[in-house]
Structure formats: structure tokens, C-alpha cells
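Per TrEMBL, these features apply:
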type: DOMAIN; residues: 1-477; note: domain 'Cytochrome oxidase subunit I profile'
type: TRANSMEM; residues: 40-67; note: transmembrane segment
type: TRANSMEM; residues: 79-104; note: transmembrane segment
type: TRANSMEM; residues: 124-149; note: transmembrane segment
type: TRANSMEM; residues: 183-211; note: transmembrane segment
type: TRANSMEM; residues: 231-249; note: transmembrane segment
type: TRANSMEM; residues: 261-280; note: transmembrane segment
type: TRANSMEM; residues: 300-319; note: transmembrane segment
type: TRANSMEM; residues: 331-349; note: transmembrane segment
type: TRANSMEM; residues: 369-387; note: transmembrane segment
type: TRANSMEM; residues: 399-421; note: transmembrane segment
type: TRANSMEM; residues: 441-462; note: transmembrane segment
Amino acid sequence: MKIMWTYIVAGLTIFALMLLVGIGLRASQAGWIPIDTGTFYSLLSLHGVGMITAMAIAGLGLLWYLVDRDIHLDERIAMLAFAFFAVGVLTVIVSVVFGHYGALWTMLYPLPFVGTTWPSWATGAWLLGVASVMLGFMLICAQILGAILRSSGGLGAALGLDYVFGRKAFEAAGKHPPSPQMLAATVVSIDGLIGGASGLLVGIAMIAHWLDPHVVIDPLWAKNLTYQFGHTFANLTMYMAVAGIYVALPICTKRAYHSSIPLVVAWWGTLVFVIIAYFHHLYMDFVQWPAVQYIGEISSYLAAVPVVVVTVFGGLMLIHRSGMKWTLGSMFFFAGMVGWIVGGSAAILDATIPLNVDLHNTLWVPAHFHTYLLEGVLLFILGWVFVSLEQRADAASNAVTRWIVGLGIFGGGALFLLSFYVAGAAGVPRRYAVEPSPGPFWAGIATVGALLVLVGVLAALVEGIRLARMRAVGSAV
């Protein structure tokens with residue numbers, strides 16, 4: 001479990017630091033604290049890439065452990081990948097703190113190189129740092145996928161093709177379908193390699209341009225690869241964490257989560273559509289082949305809806321009349337499923353072309369993605385942490401602690417997110433250091449909500465340390 005805890009603790013530590021940065025940014029937009037425009041965009045760049053990387057690192061630690069329970073994985077490869085992550089994170093921090101890089105993480109060529117207010121080395125450091133993170137990510141994905149393919153006997157078996165198309169013969173032969181968590185791991189690792197390759201390709205091209213400005217890059221090509229990588233990487237953080245549902249909820253409910261044909265087929269949809277849904281970021285690129293715009297809209301629905309519906313429905317069936325105790329671990333998982341649905345629904349609304357025209361450049365987009373990360377991915381990670389600690393210590397948190405954590409993270413989170421949604425619906429633009437009305441008002445509401453989240457996170461930290469220090473009596477995870 002050393003690898004799991006190393007990754008999860010590192011990811012949650014980065015998350016906590018980025019939470020503080022985010023609170024500062026919203027307080028600045030509310031006019032409560034002074035942050036000059038250049039510093040604001042530098043911190044916004046760090047906050048965006050930092051939050052997603054934090055959740056990816058924590059999610060990979062969970063996913064790696066779940067695979068390692070069934071198939072032995074070499075810890076040395078995981079630690080090498082962690083080294084790539086560490087180097088990448090530190091390099092990005094240097095580019096922002098000392099170089100004041102401020103072109104955000106979905107920078108569009110040639111903007112990071114034209115009209116900048118920061119030195120050239122800061123852009124290079126940013127690109128090299130992100131490339132290092134991608135190398136670590138792809139290394140873990142390759143390790144997981146290779147282990148699954150060797151164990152299952154091939155990609156078809158890993159994806160349950162013979163189970164779906166020849167179920168009678170499959171069961172007569174005494175075979176078993178891939179477990180839900182292995183399905184998730186297979187899909188994440190395949191899509192992760194594809195998305196990571198896109199990110200490295202455009203990253204290497206930009207690094208080449210940074211070293212030699214005579215190297216010319218096609219802007220539309222670069223934009224496609226940037227968003228294919230960015231959208232895929234960001235969304236896979238959810239699917240890494242979702243794998244924990246399939247193992248933790250059975251522990252909480254004492255009921256098994258079985259693979260089924262609908263679940264397998266739903267994951268096939270995620271496998272295919274997550275890597276092409278990014279086209280909804282390019283609706284305004286009219287020179288692009290028109291058909292891909294429709295592909296982007298349809299894929300945005302099909303990437304999320306099937307696996308969300310099947311997974312959440314299965315989770316609710318496990319919980320229903322199970323007599324499950326509402327501990328912090330089970331609370332986090334249940335609330336995380338709610339956040340997954342809300343954030344995903346808001347994302348689908350934004351991907352719908354008539355609505356996208358009005359919403360995509362507003363605070364609606366950070367609203368749905370903050371919902372996805374803060375009240376989805378993070379809660380699944382925290383749920384796994386607390387289920388593990390509760391099982392290890394054979395203890396649970398008292399009601400007062402649960403209320404403090406719940407009101408802070410769930411209540412404060414709802415207030416924080418509501419401000420984004422309302423401001424976005426009112427047309428307040430995103431990525432503005434100084435927002436037009438009613439932006440500052442809702443930024444103030446968001447800051448209050450974020451401070452409540454911080455209180456809940458601190459309470460969860462104290463409780464987690466208390467449980468971790470209790471004498472171990474065994475673990476089911």
C-alpha cells in the first residue's frame with residue numbers, strides 16, 4: 001500500500017495548496033484582496049494545472065493499488081513515474097513563482113510566445129514541466145495496461161468482448177468477466193496513453209518552437225491536440241476515482257458489485273467517446289471539418305451518460321436497504337456520486353451547441369468542472385481514504401465530526417459552486433481578473449463557500465490523522 005499512500009498523500013497535498021490559491025483568486029475577483037493582473041493570471045495558470053494534476057496523481061495511486069491487488073505490479077516503475085510527476089510539478093511551480101508564466105494550461109499557439117510579459121525561459125520551463133507530468137502519467141498507464149493484457153490474455157478479454165457476444169459459451173467454460181475496477185483501469189490506461197501522446201506531441205512541437213522560433217506550427221493542429229490532451233486528461237481523473245466505488249461500496253454495504261453486460265458496454269462507450277468529445281471546445285473554429293462539431297456534441301453525451309447511469313444505479317442498489325452505516329467514507333462516496341451527476345449534467349448542457357454559444361466563455365464552464373473535481377473526484381478519493389482508515393482502525397467518526405466535515409465540504413462546496421453557475425448563467429466571462437457586474441458579488445459568495453470548504457477539509461485532515469494513528473486491527477481493502 002506504500003505506493004497508494006505516496007500518490008494519494010502527494011495529490012491531496014497539492015490539492016490543499018491549490019485550494020488556498022483558488023480562494024485567493026476568488027477573493028481578488030470579489031475585490032476583497034489586491035492581486036495585480038499579471039500575478040492573477042500566473043496564479044490562475046498554476047491553480048488550473050495544479051488541481052487537475054493533483055487529482056490525477058491521487059487517482060492513479062488508487063487505480064494502481066486496485067490493479068495491484070489482483071495483478072502484481074512493479075513498485076519501481078510506479079516510483080519512477082512519481083519522480084516524473086515530482087519534477088514536472090516543481091518545474092511548473094518555478095515557471096510561475098519565479099518566471100511569472102501566465103498563459104494558462106490550455107495555452108493556444110502562438111500565444112505563449114507572442115506579446116508575453118514574462119521571460120522566454122518561463123514558457124520553456126512550463127512546457128518541460130507539463131511534458132514531465134505526461135511522461136509519468138503515460139508510464140503508469142502503460143504499466144497498468146500491460147499487466148492487465150498479460151493477465152487477461154488480450155485486449156478483447158480485458159474489455160469483456162467474449163463475455164458480451166458469447167455469454168453462454170463464456171459462462172459454460174467457467175470464465176469470469178473482468179471486474180468493474182479492472183474495466184475502469186483498462187479504459188483509463190488506453191485513453192490515458194492516447195491523450196498523453198497528444199499532449200507530448202504538441203508539447204514537443206512547442207518546445208521545438210521555443211528553442212527555434214523558425215519552427216512553424218499549424219495553430220488549428222496545435223489547438224486540436226492541446227484540447228484532446230487536456231480534455232482527456234482532466235476527464236480521466238474522474239474515471240480513475242470511480243474505480244474505487246466498485247471496491248469500497250461493497251465493503252460499506254457488505255454486498256458485491258458484479259460486472260454486467262450493461263456495465264461492460266457502458267465502459268466501451270467511455271473508451272471510445274472520451275477521446276473525441278473534446279471537439280465541443282472547438283465549435284467556434286469554423287475552418288474545421290463541420291462533421292467533427294456534431295461528433296463532439298454527440299460524443300459529449302455518450303462519453304458520460306452510460307457509465308454514470310449504470311455505475312450510480314448499481315451503487316444505489318447496493319446502498320438500498322443494506323443497513324450501511326453512514327461513516328465519513330460512505331458519505332463521501334454517496335455525495336461524490338451526486339456531484340458526478342450534477343457536474344456531468346452541467347457539462348452536457350454546455351456541450352449542447354445552442355447553449356454552448358451563450359455559456360462556453362462564461363463562468364458556467366469552471367462551474368461544471370469545479371463540481372466535477374471538488375464534489376466528484378475529490379470526494380471519491382477522500383471516500384477511499386476514509387474507508388481504508390475506518391477498516392484499518394475498526395472505528396468510525398462521531399456525529400459531530402461528520403456534521404462539521406459535511407457542512408464544510410458539502411454545504412460550503414454547494415455555495416461555492418452555486419456562485420459559479422449563477423454568474424455563468426448571467427453571462428459573467430471566465431478567466432477575467434476583473435469581472436463585470438454581477439461577477440464581484442458572486443465571487444464574494446464563492447469565497448465564503450470556499451472558506452467553509454477549507455474548514456471541512458481541515459476537519460477531515462484532523463480526523464484522518466486520528467484514525468491513522470489508531471492501532472491497526474486488519475483491513476478489508
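The chain as shown is numbered from 1 upward.
Yeah, the Cβs are placed from backbone N, Cα and C, and that goes for glycine too.
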Notebook entry, point to check: Would the transmembrane segment (231-249) count as touching the transmembrane segment (399-421), if touching means at least three Cβ pairs under 8 Å and pairs must be 6 or more apart in sequence?
Noted result: no
Margin query: Let me spell it out: take the transmembrane segment (399-421), skip the flanking residues so only those 6+ beyond its ends count, and list any with a Cβ under 8 Å from a Cβ in it.
Written below: 326-328, 331, 335, 346, 363-364, 366-367, 370-371, 374-375, 379, 442-443, 445-446, 448-457, 459-460, 463
Notebook entry, point to check: In the same chain, who gets a Cβ under 8 Å from the transmembrane segment (300-319) while lying at least 6 residues past its ends?
Noted result: 180, 235, 239, 242, 245-246, 249-250, 252-253, 255, 257, 260, 262-263, 265-267, 269-270, 272-274, 277, 280, 333-334, 337, 340-341, 344, 347-348, 351
Checklist line | Averaged pLDDT, computed only over the residues in the domain 'Cytochrome oxidase subunit I profile' (1-477) | finding: 95
